[in-house]
Amino acid sequence: MTTFVDLAAWLAAEPADAALKDVVTTIAETCAGISRVVASGALSGSLGVAGTTNVQDEEQKKLDVITNDMLSDALKGCAPVAGLASEELEEIEPTGRVGGYLVTFDPLDGSSNIDVNVSVGTIFSVLPAPAGHAPAEADFLQPGRNQVAAGYAVYGPQTMLVLTLASGVNAFTLSADGQWLLTHPAVTVKADTAEFAINMSNQRHWAAPVQRYIDGCLQGKDGPRGKNFNMRWIASMVADVHRIMMRGGVFMYPWDSREPGKPGKLRLMYEANPMGLVVERAGGKATDGVTDILDIQPAKLHQRVPVVLGSANEVEVVRAEMRA
Ligand code: AHG
Ligand code: MN
Ligand code: MN
């Protein structure tokens, strides 16, 4: 029987300060708790809508609210956390402490999949907090390169935690007795792929470069790419990105003309930045089409951004099309 290192032992050997390890441990333990609530579904009465909308004017599911409360409460009780921000909270929440870390999160990603028992996840990003004063919203608006830790939990056939701290990406599987065990050390994203992920139902609304890129893929062997492509779209960013972490691929949620004033659907601070860091640390790339996601200077907490990420060479093909 193979033995696996658990998260605590793995963290002990990582070159990070104890306070950051405390934050990561708190998030990991909360995600293990979220996994139990997600798995209980109708048995705990946690499916269905909450009857409220969030700051993005999206209908909240009961699980969006439950998981937001779980993470908020846990982080408020974690000494090194000075402030938090969530997809489900209009404003940042200072914890009353100064220094240490800021955490942003999407407590439940893939809300449309909850009630149909398809994989959902939690995404998190950890940034340094300012020293000397309680954090304000402006203190959260740091480019993704500043992240000191980021990752996600995916609640799927297995519950997994995919994490990056100072370097590299490691993936842990939740055991039946509630331990995070290192099952996938040093995850890398294949540089080449023949698999793309995009919501094809928006095709007629895309800009010309995205139309050209996808059209090239769809032409397969007979087209400019000279190879056949496969398509997958789970509609949970966590699950789509996790597949790319495991077997390569390119994920896109580009700008489209349905709401031309919106840069994209996904949010920079708690979706694109943490996923961008995980993908880059595994050797992949993440861009808005022009700028690396991690180099974008955020202007607003709930800022949206176009996203293209995954296998490095394929992201470059998309980027070249967007620059043409
Ligand atoms: P959330 O459930 O946190 O609001 O995020 C949903 C996001 C993302 O997970 C996914 O990639 C995308 O929405 C799916 O959008 P479509 O329904 O437009 O395909
Ligand atoms: Mn999301
Ligand atoms: Mn969400």
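Counting starts with 1 at the first residue shown.
Each residue, glycine too, has its Cβ placed from N, Cα and C.
TrEMBL: automatically predicted annotations, no manual curation.
According to TrEMBL, the protein has these features:
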- Glu87, Asp106, Leu108: Mg(2+) 1 binding site (BINDING)
- Asp106, Asp109, Glu271: Mg(2+) 2 binding site (BINDING)
- Asp109, Gly110, Ser111, Ser112, Asn199, Lys265: substrate binding site (BINDING)
- 16-185: domain 'Fructose-1-6-bisphosphatase class I N-terminal' (DOMAIN)
- 190-320: domain 'Fructose-1-6-bisphosphatase class 1 C-terminal' (DOMAIN)
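With respect to their backbone Cα atoms, Lys265 (substrate binding site) and Glu87 (Mg(2+) 1 binding site) stand 12 Å from each other. Put plainly, the binding-site residues Ser111, Ser112, Asn199 were compared by Cβ crowding within 10 Å, and the winner is Ser111. Sequence-distant neighbours of Glu87 (Mg(2+) 1 binding site) (same chain, six or more apart, CB under 8 Å from its CB) are Asn54, Gln56, Asp64, Asn68, Phe105, Asp106, Pro107, Arg267, Tyr270, Glu271, His302, listed in sequence order. Secondary structure at Ser111 (substrate binding site), taken from DSSP and collapsed to helix, strand or coil, is helix.
Sequence-distant neighbours of Gly110 (substrate binding site) (same chain, six or more apart, CB under 8 Å from its CB) are Val118, Ser119, Val120, Gly121, Ile234, Ala235, Ser236, Met237, Val238, Ala239, listed in sequence order. Taking Asp106, Gly110, Ser111, Asn199, Glu271 as the candidate binding-site residues, the subset whose CB lies under 6 angstroms from any atom of ligand 1 consists of Asp106, Gly110, Ser111, Asn199.
Counting in whole angstrom, Asn199 (substrate binding site) lies 16 from Asp109 (Mg(2+) 2 binding site) by their C-alpha atoms. For ligand 2, there are no nearby binding-site residues; that is, of Leu108, Ser111, Ser112, Asn199, Lys265, none has a C-beta under 6 Å from one of its atoms. Less than 8 angstroms from the CB of Leu108 (Mg(2+) 1 binding site) sit Ile34, Lys61, Leu63, Asp64, Thr67, Asn68, Ile114, Val120, Gly121, Thr122, each of them six or more residues away in the same chain. Close contacts with ligand 3, defined as a Cβ under 6 Å from any of its atoms, occur at Asp106 among the binding-site residues Asp106, Ser112, Lys265.
Apart from Asp106, Asp109, Glu271, the Mg(2+) 2 site neighbourhood in this chain, defined by C-beta within 8 angstroms of the site C-beta centre, holds Glu87, Phe105, Gly110, Gly121, Thr122, Ile123, Tyr152, Met237, Val238, Leu266, Arg267, Tyr270, Met275. In the predicted structure, the domain 'Fructose-1-6-bisphosphatase class 1 C-terminal' (190-320) carries a mean pLDDT of 98. Cβ neighbours of Asp109 (Mg(2+) 2 binding site) (same chain, under 8 Å, six or more residues apart in sequence): Val120, Gly121, Thr122, Ile123, Tyr152, Ser236, Met237, Val238, Glu271. In this structure the residues listed as binding substrate are Asp109, Gly110, Ser111, Ser112, Asn199, Lys265; their two most distant Cα atoms lie 16 Å apart.
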